[in-house]
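Reviewing the structure listed below.
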Amino acid sequence: MSGWDEGAVFYSDQAQFPRGGPGGDPSADLTRHSALRKFKEFLRGFTGPTGDFPYRESLVHNRDHVTVAIEDLDAFDAELSDKIRKSPADYLPLFETAASEVLASLRSKVAGETGEMEEPATGDVQIFLSSKENCLSMRSIGADYMSKLVKIAGITIAASRVKAKATHVTLLCKNCRSVKTVPCRPGLGGAIVPRSCDHVPQPGEEPCPLDPWIAVPDKSKYVDLQTLKLQENPEDVPTGELPRNMLLSVDRHLVQTIVPGTRLTVIGIYSVYQASANQKGAVGVKQPYIRVVGLEQSRDANSNGPSNFTLDEEMEFKEFAQRPDAYVKICSMIGPSIYGHSDVKKAIACLLFGGSKKRLPDGVRLRGDIHVLLLGDPSTAKSQFLKFVEKTAPIAVYTSGKGSSAAGLTASVIRDGSSREFYLEGGAMVLADGGVVCIDEFDKMRPEDRVAIHEAMEQQTISIAKAGITTVLNSRTSVLAAANPIAGRYDDLKTAQDNIDLQTTILSRFDLIFIVKDVRMYDQDKRIASHIIKVHASGAAASSKNTDASEGENWLKRYIEYCRVTCKPRLSEKAAEMLQNKYVEIRQKMRQQAHETGRAAAIPITVRQLEAIIRLSESLAKMRLTSVATPEHVEEAFRLFNVSTVDAARSGINEHLNLSPDIANEIKQAEAQIKRRMGIGSHISERRLIDELNRMGMNESIVRRALLIMHQRDEVEYKRERHVIVRKA
């Protein structure tokens, strides 16, 4: 411990240069003073491609932080850049000291030239690093990267509250009352507190005991510190593997700049901190984390980080967009192994490209993402479409309705085991921000869980007010959902209301709703069987063509990404006028249908559906990289809307019309028997009620029709998955 007693100057130099400089490795050819001088020269004298001084100007304007590109440092001094990469913890403090001194000299120079008073110093300057190097995989970072600069990409799933981290701790001796200040290691490291006091006792004075120090919080120096949890991007996780997480530590001006769900590219120092002392062998086991020294958010919510397209790619994309069959070609790439369903494929293509987001003058945001619901019989390739979109969309998260809770879809509040504080952890809708959420078995979700995504689908935000945390998270995502009808298969003898067990509030949020039926037709069954047999028979041969298929998927993914980043179409005047007339016409037809049938459609046609057609038109224009949506795009959007949502709303509407007098009389008799059998508030099994009325000579179809009509009049209700009937007042 004698080296500790020689003073703060020795300790400071030792902490920053344990392997070099004076008293260190004699082979080191870059000392503390020469490194400081070179950093100053770099900040003062580095010139950009246009001859300006980017870092000098950045220091004058920002005053508290400056972002330095490692490539610029490479061009200025390769040795200095290499030291930053290999020993960032030693050289970054020097870099920040140099920045503070350069800023002070620049400000005094400006004050001398202008005659104005020099503004007071705002504190130390923080250095942010940036790099164009490729990111490392989270799985490849090991002990070889310890204390070196690393660059990784991922998605933020949790953010802690801001804490105060001590940079220098003031210690007070309990015996002699002497004061000592010791530095703290940056990041999650602590302070090294000496065990003995520096005070030399006078003759006859009692010496200070061991461990006499107590911390004085009021006299210590602090900075803001926040911890983040970074998870691998979903598209980077190998099949069957759990995503890896990495703890991040951000401080000072990087605090409170990131919310859960944000996609990040992080540059930081791979470090370790002490594991819990309660664990066995904790002294030798350290937990890894990254001390962030630079981060870059995704450039666009709809793109996976800053996308760099080559000139050849851009030329190829623009040439493809000019082809007259571009729309048909794109749709043929959607689910190539799935036979038929051409309109569903076109709708999914529109979902992948999306419409244009808009921000109104009053601050209201209008979503550009398209939601599609596939409702229909089993074995109609609904889940296959969802799996294809998960692989093709630039950002996608796949989940199943039965295994998804409200917190798992939106966000949850987790209590940290060590600090016992609460922090947010984003769910599927937050993690897929800027992409697509694929929800299978949508009808199997609990109603209270399904309600949780209402706000996420329309306002594209998720509001949290739990455990003292009140915040709003972004959820700018499209939803592709697949569901089965109530009875498992779609019953053509029932109305849409009786086949679709979803509330109007959730149905109105879907732009397109397709009822996918397994139609039993000889010719079609033969063609489908032939296609499936070919797919299975060519499975072995197709393995050699997998490369071509994957290249096609990658090309489509890149093209979708390029269109979403570069093209933001708007409606032309003619298209807007045509849209207005057609929407009024559809509303008139729906009013007429409601008047004829005496009840509203199961799937409403509201202003949301008008906005859906606008988004579809913009998406069709985006596929062709055109900046204006024309009447042709509106025409195709209306055709898709008619074959999906409008047909679903009209399905089964003639079922209860034109009943013969005999059947109408039998239905009335069945209603009377049901009311006589069931008192108000009583309940009975549907199967038992039908069997009892059968024994009285009534046909089962007549009894079911009577129950259906009574349910529509709200005289009875179904419970326990429609197995139990309850008589209402």
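Any Cβ shown, glycine's included, is placed from N, Cα and C.
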Check: Looking at 12-15, 184-187, 508-511, which one does Swiss-Prot call motif 'Arginine finger'?
Finding: 508-511
Check: Quick one: what's DSSP say for G376 (ATP binding site), helix, strand or coil?
Finding: strand
Item checked: Segment-level pLDDT (mean, integer) for the motif 'Arginine finger' (508-511) -> 80
Check: Counting Cβ atoms within 10 Å across all protein chains shown, which of the binding-site residues S379, T380 comes out on top?
Finding: T380
Checklist line | DSSP residue counts for the motif 'Arginine finger' (508-511), split into helix, strand and coil | finding: 0 helix, 0 strand, 4 coil
